[in-house]
Ligand code: PEP
Ligand code: CO
């Protein structure tokens, strides 16, 4: 039978070959943990997911832009107020700059509150003493501590609780307004070394804060994603550990025939008190609003594609240089059989020196179909290098170059880059080089913290937003000339 045509159920992935699987010593302990997660309350609601689906449709159709960002690997230790506030602040500030530059709403999705599992290029790691241990697979599998690499099922439960605490604090901050964005002094632009660039950025921030104040004075309340009074921030992670994802996949009654949509109040669904016939339900992954498939687990006949095709959440697929154009179309046919705009976000990640070779064929292949995905650029994962100090790093210039090429290639083909996916943190780490702080390889050891891939710091993240906003602004000006 062709992929994606047999009956789907939350566990139908188990009949398919799986990559990056985790093997636990004690299967019965795993079962006990999974049954506890299965009985836990959901972390997000289906109406919230439906709202994101509508917003991603706007993105796919060119009326909004997507900003997705956060840590490569979230650690349980990042579940603390300061780290969460810093990440929220940088994402919100970046989105305001983008809204300003593009004059359109920005949909914000954080890699947060569940981004714990990591695919690895090798299952083993060699230590400097020559011994070999299992690779770190993320805090929900094993510990970063080399002495504690055995996969522990209890970590799945811990991941659930850390996700719940994180999402709870995000909701609390947003409900409280997280108001310091309105004050120019909240923007910390002192880091920009070049005076001309700093005054350029300051000028944007001043105009932005003026318009925010003006909107406050006139009491403007928009209903779009750009509204400050109803800031939406969605959560996301790579749905790698399918046992865990399945445990949080819940049936939600389909809207009645005479209702266009479900009502906006929260609908309990864990589990339905009276079991519903499968044809009366939609299945939602209620661990996050948005989930994506990594570049290493997107095989057409594999377990991950099988799981993803059955959930109502909008889904992402990482697309790297090894993706064939026909394969990409097959992925879309399986995940988006009803041709819904924005159902799939293609997160392309080739590398600055490879994008010209691969992206045009991918865009052309999709243009020949009825699919309308969100085209999102991940300029991070194709641009990872090793510094002379031995640190895994990325250069700001390579990241910016992939973004600029991405925008240009879409434009040349009559398509449009509609989102950006970044590994970033709101903290002042030194993991990537370049940017307005002009960090060099020798600066990396001073505050290198990541457990996995290098992240853009607060300053570099804002730099990216300013640069993209300016590119879009000049594109707008040249097209109106
Ligand atoms: C990631 O996003 O952290 C990741 C592992 O990406 P990719 O699957 O694109 O390599
Ligand atoms: Co990463």
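One-based numbering along the chain as shown.
Glycine is no exception: its Cβ is also placed from the backbone N, Cα and C atoms.
TrEMBL labels come from automatic prediction, so no person has curated them.
Among the candidates 31, 412, 423, the residue that TrEMBL names alongside 72, 381, 453 for the Mn(2+) site is 423. When the candidates 137, 343, 349 are compared with the phosphoenolpyruvate site entry in TrEMBL, which names 111, 318, the shared residue is 349. In sequence order, 115, 118, 423, 450, 451, 452, 453, 454, 455 are the residues of the chain that are 6 or more apart from residue 72 (Mn(2+) binding site) and have a CB within less than 8 Å of its CB. Spacing of residue 349 (phosphoenolpyruvate binding site) relative to residue 381 (Mn(2+) binding site) is 6 Å (Cα to Cα, whole number).
Apart from 72, 381, 423, 453, the Mn(2+) site neighbourhood in this chain, defined by C-beta within 8 angstroms of the site C-beta centre, holds 380, 384, 452, 454, 455. Of the binding-site residues 111, 318, 349, 381, 111 has the largest number of other Cβ atoms within 10 Å of its own Cβ. Other than the site residues 111, 318, 349, same-chain residues with C-beta atoms no more than 8 angstroms from the centre of those residues' C-beta atoms, the phosphoenolpyruvate site, are 238, 292, 294, 295, 316, 347, 378, 380, 381, 421.
Taking each of the binding-site residues 423, 453 in turn and counting other Cβ atoms within 10 Å of its Cβ gives the largest count for 423.
Among the binding-site residues 111, 318, 349, 453, the ones whose Cβ sits under 6 Å from an atom of ligand 2 are, in sequence order, 453.
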